């Protein structure tokens, strides 16, 4: 799409673009290039000596069972967060869509968690599930279930999934609710006249109509689980116990910062970039479709 | 006033249309309300526990006698949290962390909006060599969230001497493809007649920007601001790396630090008071500016 | 924080150098004669210890005029280390940085980024008598040929704390703690049978206590090449019968309800003052907290050992941190005045008076025998029974060996995490101890080889 009416001017458009381009060049292209460059180097932390090692860092990362493990951990984590927050968001949206009175109030009460930072959400859930001071953590232990997310990998994963999903439920709720509102009443009435039961009607009529929203949310939630949940893991488990909650992003951080392995961390960054490019490509194909929808 | 061509769900959510049941035969059952209230309760439970905990003394919480009703220590806990900080890593009082967070969030939101507005304006209202190249350079930044290239970006900051500065905390986060795309999309809907009229009046591009484009963009700017404020407020990994000067500590990170490794002997009362304080600004923004929030959320799609 | 943009941009550095040499002039420190030399000092001690350290610095600032030390807390030890390294690359490194003991190898391999303490003293003509320092303390921070690389400071070792009330309930002599693991196991069974409501035994700092200290006490190598002191080519030797036996004991005790794994790092510390564990092996630094929080009678004693290992026990190793002197950046070296100021500060903190105060205020070890004697003469240990245990334990056996001097392994922070992870899997029953030790050895050696390659230049 192009405009017909435009302004003249030679220097002005460049001047207007300058701030955005400068920030993009310095804080995007430069670091991205640096990641590529460092991924083929082996460097001491103080930057006093560097050796060119070709693709050795990549070979090392990809053959490290720990890395493959954290790839699996990330997949489990992202799938769980997405599934949990999508289903909870959809369920609440379906309920809220039926409500006439108090709909606005319910909406307010159900969307505020979106404002909570993932790390703060983690802290709030820690207050509940801490084995010694948490209401639910103590209740579980009192009931004879040995609950300590600091020692048990499965429990740690459950807790980070819960804390990470919490705020995302609000986001999904909002989009599903909007999606439900957009379904024409006539479609629903026609389905009702067919005499199908409400539950069946939902899965055969409503849910397919929501599929563009669902697919969009699927991508958004996956991206969230991959990249925005560092704070949850850092605040709650630091990747442990064992490596039970070490996701790819967390590993980039640990190797680059705690372990001072710049080459290995850069190689992981490059691999992650490839993953994001793939995810974004999927997202854009979808957005294009949705514009026509 | 021209509206941005919003995605279908967003458009629908703004229309105030009576909600309905797709089961028009029955009235709304009590079960629906029950489920919704349960959802609300699950959302509020951790906050309620935190709020209650922030009004008791440390040993009550440390012993594990989890109270369900508020105690009497509230004013003292909040005073300590506000003025002194808490936890064994006590270093930064909450007022300073909150101020840092607010400054950071506002700078990020305002910076993103300002530079995106200008660049979108340039791309839409001018023809010049390299226009598409510039647009694609901005566009491609969508692909790499800062988390992915975090270590090299940190090293760039080190090289520029921006570590431990407010500039270092904010500037790398203000490049925004989403905001640029949104403004571009919106600017494309501004009728050509307005541009022609401005030209006839002898108005230059900057006056057109100030007198026509900015007023028309008010709602978009407001909606974006809410979303970007939350984005800035919620930053964690970047401040963790780039700031270790306690006077620049932000509240989200500072709160997580207070907890350390989750020792049961922590000063939980002060930590909980700080948690409540850290929740207030962003939640207030969402609740009070709900209209803009919903609009911003559905239109930016992150 | 002072910014020196002149030293920016490592990638573009050469270009900047060529284009604008004037920009690179470092701000000169030598202003008017009267102005004190300002020295930046980054530390990683949280409150209340950090406050005591800063008070010590403030007292030094007040005591003289030539130097002003500016302390600043930079987060946990690993965070302080990362911050200092980043600052060095940017040319804004602090003059002095506190670095935990496991970061020693990284700093020692840093080449011209640090000024070794022996060199600092030589160049400034300052004298500090390291021969009076406790051998286990100074040895940890020395090169293989006995030169002091960094200034030892807050040092602790690990000891045993026990709950005397629980001992009484179990019919054990509260004044006679177990000294060997055989006695410890017997005591655990009595404690369990007495239903004290607490777990009989736990260990804080899982790998420090159960791998590093067990190796040192029994004079068994943790790694080849004198635990890494003799070179970067060291390999882990933790997969040995003694460590396997000890960890298998832990797993067995855990299954019998005698032992509880209390979490990473010092998470288990809390169990003792809370009365949730009867015997806790932890850092001697836990003492201050136990004094403050425990509402029961307790004691502090030496670490238990396996008495069927010939020659055992000898001294334990230390934990804690030392002070490193850093250059400002790759092309930003320290002036004579700055170096003299740092050396003087180090001399001051090694004096018996300063050491005695630090020791009695914080519970960290005194660095020197002179300080120990001074505190002893003041009657402090009579008033605080058990407070001398860590020092006695560091001198136990009277013969420090290559296995009990300390650990000098590159990337040891990461290796500790690896050992912790494998140990956790063994305790969760996901793998046998032998497998855990084999995995930890393989993974740890990979870290060592990476470090060797990074630092070969």
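In case you wondered, yes, glycine gets a Cβ from its N, Cα and C as well.
Annotated by TrEMBL as transmembrane segment, the relevant range among B:190-211, B:212-233 is B:212-233. TrEMBL assigns the feature transmembrane segment to residues B:133-151, out of the candidate ranges B:76-94, B:133-151. Looking up the ranges B:14-33, B:34-53 in TrEMBL, the one annotated as transmembrane segment turns out to be B:34-53.
Contact between the transmembrane segment (B:271-294) and the transmembrane segment (B:34-53) is supported by 3 or more Cβ pairs under 8 Å, counting only residues 6 or more apart in sequence.
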